[in-house]
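Quick notes on the structure that follows.
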Amino acid sequence: QGEKLSHALRISAYVFSTGLLMFTALANSVSWLMQSVTLGNFWQTAWLEFYDYMEGDEWTIFLIGAALVPALAFWGFNGILLVADITGKPTFITRYRIQLGKNDPVDKKKLWKAIYTVLGNQLLVNFPMLVPMFYIMQWWGNTFSKELPTFQWFLVELSIFTVIEEILFYYTHRLAHHPVLYKHIHKKHHEWTAPIGVVSIYAHPIEHIVSNTLPVMTGPMIMGSHIVSLSAWFSIALVTTSISHCGYHLPLLPSPEFHDFHHLKFNQCYGVLGVLDFLHGTDRMFRQTKAFERHKVLLGLTPLSESIPESPKKEE
């Protein structure tokens, strides 16, 4: 156990230090690029114009940034995926299906049930949770500042948000797999053993509060983030979890193999980044599969299910 922990800590330290060095090396150049491409103070000017147009109405600005913009990102991305799920076209998307033969096409009755639940979670769960969050963010006094945070600071916040989400999601998600909680709460989400993007927030309301929403909301509330940073983070989180559930390993996008394997096997790959799964050994089975070999960003056009096919089954 001691040797295993030591190895895990070395891996974690290596990943963290590498990421820190990359961040340090790229921060200034990326910041310069963003500043140049966006014509200097374009975003700052646009924010001030929007703020003045809204007459400084912080509640309306908060709803647009924390609810409307992320919802548009979620449904805009999933709208494209739903066309592929329902029609099987365009083949450019469907040829990258992970679980071949599943949702081909998707069961429409099951799909509509998922969509109704997702809309319910967004309207009846997310919206009420935004009310106390608004007052917490308002108390910080930075959220509606007329001065936008720097791009470098946004990257720092994004890193902190991601770590907080990983910790909270892993442990609440793993707790939800306790037999008692699984039977009454988490089983709903696992009705989809071959998930699609929209079911990323198809869950029991209690699970949606504890595992889906709070891990994402906690970071900005701790940091007292600007509404623009909060809006971008919420949108990124929703699109990222949609990719993890989409069922397609598409070129240039983050690999969904990790979470897709969780839906397939149930007792593996509980986290988002996979660091805590490695530390707790909840990815051992995954690491012995072809899915683990395919768990990388696809840089070409050949589906990984073709370039790294499953091993042929041995004849009995």
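The backbone N, Cα and C atoms fix where each Cβ goes, glycine too.
On a predicted model such as this, the values are computed, not experimentally measured, just so you know.
Residues annotated as transmembrane segment in TrEMBL: 12-34, 59-84, 118-140, 152-171. Sequence annotations record features per position, and here TrEMBL assigns domain 'Fatty acid hydroxylase' to 160-282.
Residues 58-59, 62-63, 66-67, 71, 198-199, 201-203, 205, 208-209, 212-213, 217, 220-221, 224-225, 227, 230 of the same chain, all 6+ positions outside the transmembrane segment (118-140), place their C-beta atoms under 8 angstroms from a C-beta of that stretch. Here the transmembrane segment (59-84) has long-range neighbours at 50-51, 90, 93-94, 111, 122, 126-127, 130, 133-134, 137, 143-144, 196-198, 201, 227-228, 230-231, 234-235, 237-239, 242, 246, 248, meaning same-chain residues at least 6 beyond its ends whose C-beta is under 8 angstroms from one of its own. Mapped onto DSSP classes, the domain 'Fatty acid hydroxylase' (160-282) shows 87 helix, 1 strand, 35 coil.
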